[in-house]
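Colleague: Starting off with a structure, shown below.
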Amino acid sequence: MLDKLAVARALREIGLLLQAQGENPFKVRAYETGARALEDSQEDLPALVSSGRLTELRGIGEALAKKISELHLTGRTALLERLRTELPPGLLELLQVPDLGPKKVAALREALGVGSVAELEAACRAGRVRGVKGFGEKTEQRLLEALARFRGREARLLLSDALELGERLVRHLRAGPDERVDLAGSARRRKETVGDLDLVASAPGPADFAGRLTAFPLAAEVVARGETKTVVRLASGVQVDLRVVAPEDHAAALHHATGSKGHHVRLRGLARDRGYSLSEYGLAALDGGAPIRVASEEELYARLGLPFIPPELREDAGELEAALSGALPTDLVRQEDVRGLVHCHTRWSDGRATLEEMAAAADALGMEYLTITDHSPSAHYAGGLTVDRLRAQWDELARVQESVRVKLLRGTESDITEDGLLDFPDAVLEQLDVIVASVHTRFKMDEAAMTRRLRRAMELPVFKIWGHARGRLLLEREPFECRMEEVLDALAGARGAVEVNGDPHRLELEPRFLRLATERGIPVVLSVDAHSTAAFGYLRFAVDTARRGWIRRGQVLNALPAEAFARAVRPA
DNA sequence: GCCGTTTTCGGCCCGACTGTTTTCAGTCG
């Protein structure tokens with residue numbers, strides 16, 4: 001028995017192995033598409049299988065439906081088992097090496113019997129690669145360099161770091177007011193981590209954007225330099241791609257460079273259906289005729305009969321279907337909608353600023369309310385408050401309240417204990433305005449135990465806000481295991497809310513799960529999880545993440561005025 | 001392997017750049 005996600009994983013593996021084998025790329029894509037269709041489907045896999053309705057999903061035909069049923073019911077399928085035995089296990093890793101695709105991998109395997117990264121490295125060092133048809137000395141050298149980078153694993157950036165670096169690059173490249181430089185790529189889509197930076201530049205007159213990029217202080221190596229495209233690698237290993245275009249092509253190029261790839265593939269298919277070919281230069285009629293220049297991304301979508309799709313939604317995760325049917329949300333939450341800061345720590349526990357400083361900073365930002373949520377007793381590692389210290393904090397809070405406009409709310413970030421309980425007595429919890437409940441310990445419980453732990457906590461009457469959902473730390477710690485749909489069902493049943501944590505290391509609940517939460521009518525809180533006043537700036541990342549999860553203004557509790565917010569989160 | 005009021009077969013997104021070619025294939029985004 002495999003569940004939906006496990007079946008999707010198996011399909012992806014088949015696709016990759018077929019690709020490594022040099023199979024028809026469209027067939028390879030079909031497996032990827034099928035895996036995606038399955039993941040995005042709202043329905044239960046057992047129901048889809050038993051009623052034979054798998055083929056109703058777009059991208060799943062007879063052959064895939066058969067394999068999916070087989071994988072679901074028996075956990076295996078002959079094709080995958082055959083591929084696994086026929087192909088050397090190191091082959092998939094070889095495909096991950098930059099500059100190596102299926103064709104080159106196949107050629108190397110054919111000519112030299114290379115079936116792993118280690119074997120490739122040995123062959124390069126021995127100078128045997130240059131003798132293979134289609135390979136030369138330069139390629140051999142490039143491969144050695146690519147392998148060295150591959151060993152150190154590619155450098156990835158947190159979204160916050162990517163935006164900072166991207167904004168710096170924009171400032172560096174733009175030399176005058178009539179020049180236009182935009183950050184595109186996954187940073188513009190606000191993905192939680194970013195592998196490389198994409199920029200688009202244009203100017204009405206002559207401007208040496210490429211020269212400026214190669215002269216960027218952090219640039220270490222020029223990877224490619226052509227007429228319109230320049231690629232450099234920074235000392236940190238991060239790659240920067242720059243496209244330089246004519247001003248009239250800027251909008252189309254920006255759209256192209258923003259991606260995602262999946263969104264573009266679907267959009268170009270749609271354009272084709274409408275009699276156009278879509279490229280980075282805009283639209284062109286399929287039956288010849290001059291290219292149609294678009295002045296903005298809005299115009300590009302409009303010419304295809306679609307409303308504007310914001311970059312955060314361009315993931316081929318149903319946004320095109322929604323756009324076609326008029327179901328695309330038009331009131332995605334924006335930063336200016338947020339009226340209160342939720343989830344803030346002070347020096348009472350592990351914050352670096354005093355309660356007074358936090359209050360003053362929130363005031364200065366024009367916030368209507370601020371919830372002070374220091375850690376609870378069992379969070380020894382973070383200076384969690386005892387009941388006595390919590391009560392003492394309320395006194396200080398009352399005193400500080402006299403000197404600030406922002407409404408201060410009493411709260412806690414309570415640990416969810418191993419048993420699925422909160423660690424203040426109910427009598428104390430009931431006197432609080434806001435309770436954020438989070439897992440901080442025992443991340444390695446198995447999926448069933450963790451699911452029970454969370455469900456039990458959510459069934460407590462005082463449970464209101466689920467903090468930094470699965471406790472991941474981006475690029476550092478994987479999220480813990482739990483059955484998310486079951487947990488969200490429990491949260492919905494308890495009329496609780498979920499946090500979108502804006503700490504750049506967290507950015508949870510993840511977008512795909514936010515959409516599951518929305519289906520269940522679960523409201524969200526956009527939080528900063530601030531341990532300093534500077535961290536109030538994390539709000540933008542919470543907003544970005546929420547938008548990626550299609551969260552609308554009306555679902556956000558801290559977009560409500562203070563009184564309505566307090567009513568909505570009060571422990572009952 | 002999927003898909004179809006233009007098709008049940010022949011398509012499937014499009015272009016830049018590089019290296020090894022002597023007109024283009026492979027890879028990438």
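We count from 1, first residue shown onward.
Glycine too: its Cβ is placed from the backbone N, Cα and C atoms.
TrEMBL lists A:1-315 with the feature domain 'DNA-directed DNA polymerase X'. Here TrEMBL flags A:52-71, A:92-111, A:127-146 as domain 'Helix-hairpin-helix DNA-binding motif class 1'. What TrEMBL lists as domain 'Polymerase/histidinol phosphatase N-terminal' is A:340-418.
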Colleague: Who are the chain neighbours of the domain 'Helix-hairpin-helix DNA-binding motif class 1' (A:92-111) in space, where the CB to CB distance is under 8 Å and they lie at least 6 residues beyond its ends?
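Modeller: Answer is 16-17, 19-22, 25, 117, 120, 123, 129, 131-135, 139, 142-143, 146-147, 149-150.
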Colleague: Same chain, outside the domain 'Helix-hairpin-helix DNA-binding motif class 1' (A:52-71) by at least 6, Cβ under 8 Å from its Cβ: which residues?
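Modeller: Residues 2, 6-7, 10-11, 14, 30-31, 33-34, 36-38, 41, 45, 77, 79.
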Colleague: Please spell out the DSSP helix, strand and coil residue counts for the domain 'Polymerase/histidinol phosphatase N-terminal' (A:340-418).
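Modeller: Its residues fall into 28 helix, 22 strand, 29 coil.
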Colleague: So how many of the residues in the domain 'Helix-hairpin-helix DNA-binding motif class 1' (A:92-111) end up helix, strand or coil by DSSP?
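Modeller: Helix, strand and coil residues of the domain 'Helix-hairpin-helix DNA-binding motif class 1' (A:92-111) number 15 helix, 0 strand, 5 coil.
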Colleague: Looking only at the domain 'Helix-hairpin-helix DNA-binding motif class 1' (A:127-146), how are its residues distributed among DSSP helix, strand and coil?
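Modeller: Summed by class, the stretch gives 13 helix, 0 strand, 7 coil.
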